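Novice: Would you mind keeping the following structure in view while I ask a few things?
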């Protein structure tokens, strides 16, 4: 469905969106609060506008649904067999904190499955991309490498978790795991650490939206990992409810 030319164009879009975010990174934050009480900055808006415009020009036959799209468009997701699902800036809280742990996320959804994704990490100048049918790749300043999630496994289980969200359910889950090392990181970077073989498990027993996970799930699955609900089913998309069920990502 995606040839090399399209993939190259997608990587350029994600990279340019990251540059648009970095262009305002050192400016005072223009913060507003959305109806769901989540933060919105000028960087979210700049990235959204760039990605939406460029994807519409690249593939006009496929709708573009972004976190910052109108609610009426988001509600149409179950009707779309093929569409782009975008989080133009995942980790807005991390952006506000200036810790660099925020990402640009572009996913292609086909029949409720995230088949391809790009995750850009602007501050680190990194791009992750892939899917089950595409493998998983990382491009940074040193070049491009294929990721298989099979780096040497340490004796201690490495669990990655959210820097901004740790609830009682997650704490209980971690307690029941036994001995483990907890690595805290923001945004969809958690999936990317699994894809690189730098972590083993990411339990998310709390709220996320479909755009938070789609691109990174595709990337992780390209590296041989999986993202499953607590009843063992693959995490899927285009549900009437934009919220994901609780899930565990592993590799």
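Backbone N, Cα and C atoms are what each Cβ position is placed from, and that goes for glycine too.
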Novice: Of the residues 52, 67, 181, only one is listed by TrEMBL in the substrate site with 89, 90, 91, 92, 212. Which is it?
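Specialist: Between 52, 67, 181, TrEMBL records just one in the substrate site with 89, 90, 91, 92, 212, namely 67.
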Novice: So what sits near residue 87 (Mg(2+) 1 binding site) in its own chain, CB-to-CB under 8 Å and at least six residues off in sequence?
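Specialist: Same-chain residues close to residue 87 (Mg(2+) 1 binding site) (Cβ under 8 Å, separated by 6 or more) are 66, 67, 103, 104, 105, 188, 211, 212, 215.
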Novice: Which chain neighbours of the Mg(2+) 2 site, leaving out 87, 90, 212, have a Cβ atom within 8 Å of the mean position of the site's Cβ atoms?
Specialist: 67, 89, 91, 103, 105, 187, 188, 208, 209, 211, 213, 215
Novice: Neighbours of the substrate site 67, 89, 90, 91, 92, 212: Cβ within 8 Å of the Cβ centroid, same chain, sequence order.
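Specialist: So the additional residues around the site are 44, 87, 88, 102, 103, 105, 187, 188, 211.
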Novice: At a 10 Å cut-off from the C-beta of residue 91 (substrate binding site), count the other C-beta atoms across all protein chains.
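Specialist: A 10 Å sphere around the Cβ of residue 91 (substrate binding site) contains 26 other Cβ atoms.
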